[in-house]
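Copied from TrEMBL, the annotated features are:
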| type | residues | note |
| --- | --- | --- |
| TRANSMEM | 25-47 | transmembrane segment |
| DOMAIN | 40-288 | domain 'G-protein coupled receptors family 1 profile' |
| TRANSMEM | 59-81 | transmembrane segment |
| TRANSMEM | 101-123 | transmembrane segment |
| TRANSMEM | 143-176 | transmembrane segment |
| TRANSMEM | 196-220 | transmembrane segment |
| TRANSMEM | 241-259 | transmembrane segment |
| TRANSMEM | 271-290 | transmembrane segment |
Amino acid sequence: IPVNLSEGSEFRLLGFSEVSHLHPLLFVVLFSLYILTLMANTVIALIINSDNTLHTPMYFFLTQLSCLDICYLSVIVPKILENLAVGTIGISKAGCAMQMFFFLFFGVAECFLLAVMSFDRYVAICYPLHYTIVMNTRVCKSLVAGTYICGTAVGLVHTVVTFNLPFCGLAINHFFCEIQPLLELLCGNTSPSEIQVIVVAVFAIVGPFLLIIYSYIYIISTILKMSSAESQQKAFSTCSSHLLVVTLFYGTASSMYLRPKSSYSASVDKLLSLSYTVVTPLLNPIIYSLRNEEVKAALRK
């Protein structure tokens with residue numbers, strides 16, 4: 001029987017109700033990770049903005065990545081912490097829709113930003129003499145604006161379609177308004193909604209990933225043609241951090257969204273969600289600071 005959410009009823013976020021005895025420990029761990037992630041990404045952004053030697057397209061995009069990670073994390077983690085502190089919590093239809101929209105907005109924008117960063121490395125390594133002309137300020141800002149436009153489009157379409165469908169339950173077996181748990185609550189045949197999720201995932205995950213693969217085919221081909229091992233190592237070092245970040249982000253996102261509903265598991269879903277909503281945003285600035293000599297030099301200064 002469809003549930004009428006216009007009568008003041010709320011969704012209930014069950015969170016980690018199955019391991020309620022671990023709530024205090026999980027709260028401390030996640031709160032600590034949240035603060036560390038906010039600090040790490042803020043420090044990276046401040047260092048890049050304050051050091052003139054880092055005012056290049058690559059670091060401009062890295063600043064945007066840090067800002068996206070902060071926003072992405074802040075959409076999800078406060079609700080997780082509230083859930084761990086008080087148990088099952090309610091969230092209105094409007095609140096759930098907003099959370100889903102911003103989650104998709106920041107997540108999809110990050111997918112496309114990682115593709116933009118691979119294009120930046122492609123131009124820098126394959127066409128070094130034209131780099132400053134191709135990757136000028138106007139182009140960089142336009143590319144970033146494009147990532148936000150894609151995020152907005154995907155977030156709006158998916159959220160509007162989902163929340164105009166009838167729900168047959170109110171209990172979301174998750175710690176935020178994630179797509180898969182909401183599909184579980186839809187009435188009747190959910191195949192059209194599953195197809196919608198897959199289409200969005202192909203556009204937002206597979207599309208940018210193919211652009212990244214295309215860029216790196218040419219990047220690796222160009223590096224292998226370099227005459228000296230030192231040049232090859234230097235060129236590859238500028239890409240290694242980005243490759244690690246791409247592997248982390250796309251590995252968890254694809255395992256989450258590019259699979260059928262029949263293989264859905266609430267416990268696995270929660271673990272995967274934690275990995276890309278909490279762990280990945282913390283690792284991104286660490287990877288870039290530890291593997292990048294220019295960032296380490298700016299940190300020392």
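From the backbone N, Cα and C atoms, a Cβ is placed for every residue, glycine too.
If you count C-beta pairs under 8 angstroms between the transmembrane segment (101-123) and each of 25-47, 59-81, 143-176, 196-220, 271-290, the highest count goes to 143-176. Same-chain residues lying 6+ beyond the ends of the transmembrane segment (271-290) with a Cβ under 8 Å from its Cβ atoms: 30, 33-34, 36-37, 40-41, 43-44, 62, 65-66, 69-70, 72-73, 76-77, 174-176, 178, 241, 244-245, 248-249, 252-253, 255-256, 296, 299.
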